[in-house]
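What follows is a single structure, written as structure tokens, with notes after it.
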């Protein structure tokens with residue numbers, strides 16, 4: 001990595017992935033297709049929830065909020081990934097780098113809180129069905145959704161602002177976007193204290209939310225097992241399976257990168273793991289919530305019929 005003579009780096013260099021030969025255009029086209037499908041899939045869910053009255057429920061409201069979040073989440077890192085795949089090492093100004101760092105972690109923390117809210121919604125629907133609609137009013141839905149965004153963007157201020165105040169003696173970021181660990185490696189000073197603070201903030205936020213979700217699903221499991229028929233138990237589990245899949249994908253990758261020890265990661269492994277939570281999870285979420293969901297399939301049929309009726313009208 002290149003040294004500079006001063007302690008404030010005006011431009012960083014994103015190293016990206018080292019791919020040569022025929023694999024480079026294939027990797028670029030593959031990532032581009034995933035990126036475009038991710039944008040289309042999440043926009044599709046947002047529009048479908050807005051267009052079909054059968055999906056005017058708290059669960060689908062929160063799913064549409066998640067899709068809106070994922071739309072911007074993937075837009076935070078995918079363009080720089082595509083640029084590094086196409087052009088190799090790419091310069092990025094320090095201001096843009098720190099903005100990317102803050103927005104990426106803000107959206108990640110917001111998703112962490114939102115997944116907890118979605119688990120709470122399933123808990124109230126299954127464990128308190130008679131009071132569900134009274135408890136989960138439209139006002140509360142909006143308040144909970146707004147609170148996740150405020151909490152996420154507030155929590156990310158600590159690690160992002162601390163990192164931005166560091167003096168940097170190196171400028172080559174061993175990643176395809178500006179993330180905490182690769183930036184800390186470029187600092188001129190000992191960053192062990194910063195690592196501890198970052199781990200505490202991110203670890204407490206993700207850990208507490210994960211335990212909250214586990215506790216809610218423990219109560220859901222007990223309530224479902226008490227249902228009288230196998231059909232009712234299967235229906236109750238089906239409403240939670242998609243959410244549990246998304247939670248597993250999100251927290252497995254997040255804990256591996258931000259909470260686990262960095263010493264156990266082989267060189268370059270963090271970039272590969274980052275692809276899971278920064279690209280593939282937003283790509284898979286629309287698939288998980290549509291292909292495995294009967295209500296969404298029925299809503300798609302109703303909207304399709306309405307569109308055909310409109311197009312056929314004179």
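Backbone N, Cα and C define each Cβ position, glycine as well.
Looking at 142-162, 163-183, the stretch flagged in TrEMBL as transmembrane segment turns out to be 142-162.
TrEMBL assigns the feature transmembrane segment to residues 26-48, out of the candidate ranges 3-25, 26-48. Outside the transmembrane segment (193-217) by six or more residues, the chain places 105, 109, 112-113, 115-116, 119-120, 122-123, 155, 158-159, 162-163, 166, 180, 184, 187, 240, 244, 247, 251, 254-255, 258-259 with a CB less than 8 A from a CB of the stretch.
If you take every residue in the domain 'G-protein coupled receptors family 1 profile' (41-289) and average the pLDDT, you get 88.
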